[in-house]
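Asker: A single structure is presented below for examination.
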2 protein chains.
Amino acid sequence: MSFEFEVLKKDDRTKARVGVLKTPHGDIPTPIFMPVGTRATVKTLSNNELLDLNTKIILSNTYHLFLRPGDELIKKAGGLHKFMNWKLPILTDSGGFQVFSLTENRQITEEGVHFRSHIDGSKVFLSPEKSISVQENLGSDIMMAFDECAPYPADYDYIKHSMDRTLRWLERCVNAKTRDDQALFGIVQGGMYKDLRKLSAIETCKFDLKGYAVGGLSVGEPIEVLKEMLDTCTDYMPEDKPRYHMGVGSPDYLFESVERGIDMADCVLPTRIARNGAAFTKYGRINLKNAKFTEDFTPIEEDCDCYACRNHTKAYIRHLVMNGEILGGRLLSLHNVRFLLKLMENIRKSVIDGNFLEYKEEFYKNYGYLD
Amino acid sequence: MSFEFEVLKKDDRTKARVGVLKTPHGDIPTPIFMPVGTRATVKTLSNNELLDLNTKIILSNTYHLFLRPGDELIKKAGGLHKFMNWKLPILTDSGGFQVFSLTENRQITEEGVHFRSHIDGSKVFLSPEKSISVQENLGSDIMMAFDECAPYPADYDYIKHSMDRTLRWLERCVNAKTRDDQALFGIVQGGMYKDLRKLSAIETCKFDLKGYAVGGLSVGEPIEVLKEMLDTCTDYMPEDKPRYHMGVGSPDYLFESVERGIDMADCVLPTRIARNGAAFTKYGRINLKNAKFTEDFTPIEEDCDCYACRNHTKAYIRHLVMNGEILGGRLLSLHNVRFLLKLMENIRKSVIDGNFLEYKEEFYKNYGYLD
């Protein structure tokens with residue numbers, strides 16, 4: 001049955017767990033990292049490459065697809081899966097985050113958000129109902145509720161007001177939803193205020209949904225604050241539903257998220273840093289623009305199973321990056337996405353084997369000093 | 001034995017022929033189209049994709065690699081094949097064409113060409129000896145002689161003088177060459193003057209080389225002139241050596257070249273027009289930026305076996321192109337390179353089957369009206 005979520009193993013010492021989420025387009029093992037295909041393409045990569053990397057679900061973006069090419073066109077194509085020929089699950093962001101991060105001159109009202117397109121400046125309106133309508137045209141497996149991702153820092157009253165409105169918008173999303181083959185996830189907000197996070201989690205999870213997300217974190221706050229907020233949220237989110245930490249994709253943040261009971265995460269980080277010449281490694285991030293790689297005829301990681309590491313050296317990839325050759329960003333994207341997917345595979349295995357914390361400790365022992 | 005060239009079948013009614021050229025990195029069926037990997041990468045494509053497309057040989061560029069990353073670095077990597085991990089044959093251009101088309105403030109002397117790097121403006125010198133030395137460091141299977149690709153139009157005296165110097169430079173290339181595992185091809189020049197083309201062909205082919213090229217055509221002259229010059233050249237080039245028409249890659253020009261006894265051709269056209277949104281089709285070139293493709297949910301070509309056509313619609317590729325998504329240029333590059341390779345496969349088959357002219361006529365019946 002679609003959207004059934006089963007926890008297969010719980011860690012004894014942390015909130016980490018391993019599970020599986022069923023969707024109309026296939027099962028998703030959790031915890032999972034979801035590569036981001038903002039405009040119906042995970043930047044630089046093809047579908048067959050994503051499958052080779054063992055991608056199980058991708059994320060796409062309501063805001064961007066609504067503006068271009070338009071959700072009506074994608075509906076005519078038979079939905080987003082057919083439009084981009086991606087056969088596995090898709091999660092669509094509601095557009096909330098982008099409306100609040102990419103647009104200017106926005107007017108937030110109870111009804112929704114008026115803003116100007118970041119492409120051509122034209123006037124656009126998004127609301128809970130409109131976001132759901134667009135996401136139904138896209139036909140994603142998992143839709144996200146339309147929320148306000150509040151700025152950081154923001155004062156208590158602003159966050160409280162915003163959080164309350166996000167809850168009212170969630171109710172409108174629930175009422176607007178018409179399709180049974182799509183799940184709707186609510187989003188817990190509450191800024192960096194523990195009591196608001198708790199309240200938001202409790203109120204959001206009162207809606208009987210297929211899953212719940214934590215939004216508005218990793219927006220510039222210290223990691224200790226993020227950990228505390230995340231812990232508070234997941235303490236009040238049901239165990240039998242998937243929990244999605246939005247916008248997180250650095251290796252260390254993924255560990256911290258899983259440790260706090262998170263099952264899903266997404267981020268543009270692996271593909272974005274790739275286009276800038278950078279690669280994840282177990283020792284931290286490296287940038288191939290660094291002259292020390294000029295004559296480095298070894299792969300990014302000797303033991304990585306990605307196409308880039310099996311076939312190419314740092315010296316060659318550096319040459320591509322330094323010359324602005326597209327293959328450079330492609331190879332780095334392949335490696336970086338594989339790095340995070342493999343990390344999550346290893347994390348799943350460690351939870352099953354009962355040594356998640358040991359795996360995390362070992363990872364941290366190496367990680368970071370190159371950053 | 002390396003660089004043995006065998007003509008397997010000659011067309012009865014034209015100079016077209018089918019053959020095979022043996023190289024240290026594999027056999028090349030001819031006539032063949034060679035995708036161009038200027039900077040040790042066929043733009044946007046990976047090696048495994050090139051192999052999937054049935055690429056048999058790629059071209060790379062002495063001038064670009066000499067400037068960046070430098071031929072000494074590539075030598076340290078074990079040569080260009082190892083540097084880019086391409087296991088099949090590579091032909092390297094001598095740098096002559098680029099020196100005369102990309103650089104400014106050049107001083108052509110008998111000794112060679114002084115010019116300024118198009119990257120950083122630094123002073124550089126290329127000569128026949130230097131070009132061969134760089135190409136030996138690159139370790140390509142086929143090296144090209146350092147020539148002057150004269151401008152068009154140019155007067156008779158200029159072309160005569162330039163052609164004579166190119167012959168003297170060829171002799172110096174022959175003398176500079178030290179490796180037995182690389183073939184050197186001489187280049188027939190002579191501008192748009194039939195007697196000079198004849199003279200250049202005769203004199204160039206007096207050098208006992210593994211193959212000969214025709215350069216300095218398709219530089220802006222009418223196609224009837226190109227045909228006449230090409231015919232003149234190949235009339236005086238030996239039948240038992242491969243003939244390479246440099247810089248040609250539009251479908252119609254490939255037909256005209258093969259008809260005049262050409263065995264090899266290269267061009268950046270398929271990847272360049274791809275990055276601009278355009279695709280080859282049997283009906284002519286189309287540009288996916290054209291609004292008429294917005295809701296076209298069919299592949300670029302229904303009967304094409306490339307990854308793009310087997311997996312994606314014009315509407316999706318158009319969406320990618322309109323949004324500057326790299327996958328758009330990738331998919332179009334895949335299709336366009338496959339289109340030319342497949343065209344040459346079909347041409348080989350038509351020569352073997354004795355119906356080359358019929359195949360050409362049928363092709364022309366469809367081709368061009370979309371251009």
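Glycine is treated like the rest: Cβ placed from N, Cα and C.
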Asker: Would you mind telling me which of A:6-10, A:151-155, A:206-210, A:271-275 TrEMBL tags as region 'RNA binding'?
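Answerer: Result: A:271-275 is the stretch TrEMBL calls region 'RNA binding'.
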Asker: If you check TrEMBL, which stretch out of A:100-106, A:247-253, A:310-316, A:345-351 is marked region 'RNA binding'?
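Answerer: Checked against TrEMBL: region 'RNA binding' maps to A:247-253.
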Asker: Out of A:HIS245, A:HIS335, which is the one TrEMBL records at the Zn(2+) site of A:CYS304, A:CYS306, A:CYS309?
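Answerer: Among the candidates, TrEMBL records only A:HIS335 at this Zn(2+) site.
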Asker: If TrEMBL gives A:ASP93, A:SER94, A:GLY95, A:GLY96, A:PHE97, A:ASP147, A:GLN189 as binding substrate, which of A:GLY26, A:GLY37, A:GLY216, A:GLY220 does it give for that site as well?
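Answerer: So the substrate site in TrEMBL includes A:ASP93, A:SER94, A:GLY95, A:GLY96, A:PHE97, A:ASP147, A:GLN189 plus, from the candidates A:GLY26, A:GLY37, A:GLY216, A:GLY220, A:GLY216.
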Asker: Mind giving me a neighbour count for A:CYS306 (Zn(2+) binding site)? Other Cβ atoms within 10 Å of its Cβ, every protein chain shown.
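Answerer: Within a 10 Å radius of the Cβ of A:CYS306 (Zn(2+) binding site) lie 25 other Cβ atoms.
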Asker: Looking only at A:GLY95, A:GLY96, A:ASP147, A:GLN189, A:HIS335, which of these binding-site residues has the biggest number of Cβ atoms within 10 Å around its Cβ?
Answerer: A:ASP147
Asker: What are the sequence-distant neighbours of A:SER94 (substrate binding site), meaning same chain, six or more residues apart, C-beta distance under 8 angstroms?
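Answerer: Looking at Cβ-Cβ distances below 8 Å from A:SER94 (substrate binding site), excluding near sequence neighbours, one finds A:THR62, A:SER131, A:GLN135, A:MET143, A:MET144, A:ALA145, A:PHE146, A:ASP147, A:CYS173, A:ILE187.
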Asker: Neighbour count first, Cβ atoms within 10 Å, every protein chain included; then name which of A:CYS304, A:CYS309 tops the list of binding-site residues.
Answerer: A:CYS309
Asker: Within a 10 Å radius of its Cβ, which of these active-site residues (A:ASP93, A:ASP266) has the fewest neighbouring Cβ atoms?
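Answerer: Across A:ASP93, A:ASP266, these active-site residues, the one with fewest Cβ atoms within 10 Å is A:ASP266.
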Asker: Could you measure between A:CYS306 (Zn(2+) binding site) and A:ASP266 (active site, nucleophile) for me? Cα positions, answer in whole angstrom.
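Answerer: Approximately 20 Å lies between the Cα of A:CYS306 (Zn(2+) binding site) and that of A:ASP266 (active site, nucleophile).
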Asker: What mean pLDDT does the predicted model reach across the domain 'tRNA-guanine(15) transglycosylase-like' (A:14-367)?
Answerer: 97
